[in-house]
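Presented below is the structure to which this report refers.
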Amino acid sequence: MIIRSMIRAGCPRGSLSRSVRIVNRTGRASRQYSSGNTASMPSSAPQSQASMLATITTDLDKIAPRFELQPDQIRIIKTPAEFYDTLKDRILKAQSRIYLSTLYIGRKEHDLISTIRTALQQNPNLKVSFLTDALRGTRETPKASCASLLAPLISEFGDRVEVRLFHTPNLTGLRKRLIPKRINEGWGLQHMKLYGIDDEVIISGANLSTDYFTNRQDRYHLFSSADLTAYFAKMHSGVCALSYDVQPSDSQAGYTMSWPSSNPAPSPLESPKSFRAAASKHLSHLLTPANRPSSPSKTSPPSSTHIYPVMSLVPLLQTSTELPALTTLLTSLSKPPFHPSSWTFTAGYFNMTPSFRRLLLSTRPASGTVLTAHPWANGFFGSKGVSGMLPDAYTHLSKMFLRKVRYEGLDSSIQIKEWKRGKVGEKDGWTYHAKGLWVTFPSASAAERQDGVEDDPSITVVGSSNYTKRSYELDLEANVIIATSDAGLRKRMGEEVKWLSEYATRVDESEFEKPDRKVSVGVKLSMWLVRVLGGAL
């Protein structure tokens, strides 16, 4: 019984069920998509890559706003150091605005804060807004914390600096008082990673702390688009208005946290139900396709690349766009002309919901790869307490996934690769935190094969989501879907998969039978207990 409950631990009630609500242009649920297995169907006449992509984007147009970019407006960043250098470079050149949405900023990130301080000193017109999570951002209080690190900027620059802390409405009352700080984030977080500077925005899964700047591998895409950056600025500001305000203080903590009367909702700690209702009214309109920018001018070159922001704000809204968009995409892959496509899926914390797993398996791909962290590359490896059990928990879930792959007869086409670069806590040890999806359509013609990009993806998803219960029921997530027919961008997307796979090795079920990979009953029991209490990994 315990093991069965644990296996279900990642499954949100109602998420990715047999049918999923889709938001139409007016915000009403309008279409349903089955997530069940699709029987093999005879292939129809071959279609070109461009034609197949158009079919997908037509469906996505009904779910999320579309932004048309040129391929050279997208830069795929490779390493943590390059990410940090790019971020600091853009901050120092900022002219009007900086907005940083992240889970937390490391309490010792004085170099980053110094860079922001310099930018504020150099340009009196610059304004900076920080959005982090209230639980993670204050966890170390009264010792140094994310909140105490940021508060002095307000003392120096006044209302040119805003610091907001989002608090989940899922953790209140007795539950909040009883659950230890080390694990209370399992009940919901501000998890978006949006780093906007003037008319550029970096979409990532990386937080802002030393490991993410040095030895924790993630994904980072820089978009040079005024329209897209402005869209995410609205999302950032919308959540800021539903968050606590931080001000500097002479107290031991170094800051105060209050709920402004100007917020359009009551505090989530005082009235969670009213908070959700007001938050839904405040944010839901931002997710609709109507938020796409006006049509490009006739002098603009035709765009080969479409960007769809897809969000998961289910703690605040009755529906969101990430889950419907991915359901639409993966369901399409199980049918002609998209079948059999190929895909690579990655998540540092491998805990996809059972329904998301069913969607992946139902595509019956020509080739499918799951790329995840080896326990030695898990950020929780060696941690004290319950969090130290998480690497073993993800190991168990990987084993269950391979068992299901074998049961479905897909073990010749779907594989798991574990990423390992040294060992956490030892010299030159890295962790793996990347997440996302790449999709490559089947080649339709000899001409396309001659282009040399038949094995490169036409679609990728990048952002903060881990595709888990937390992503679809508890956390705030921000992602984009990139859909392109441009050969150069497709090649760069394919290269991203290759360099992320550089330190990855294929594993099979026998790997998890080794003594050092066995999962204890205590780990399984802890996973079950977290679920019973309403949390998630």
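Any Cβ shown, glycine's included, is placed from N, Cα and C.
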28-48, 406-426, 448-468 - the one TrEMBL records as region 'Disordered': 28-48
Helix, strand and coil residues within the domain 'PLD phosphodiesterase' (186-212) as assigned by DSSP: 5 helix, 11 strand, 11 coil
Composition by DSSP (helix, strand, coil) of residues within the region 'Disordered' (255-274): 3 helix, 4 strand, 13 coil
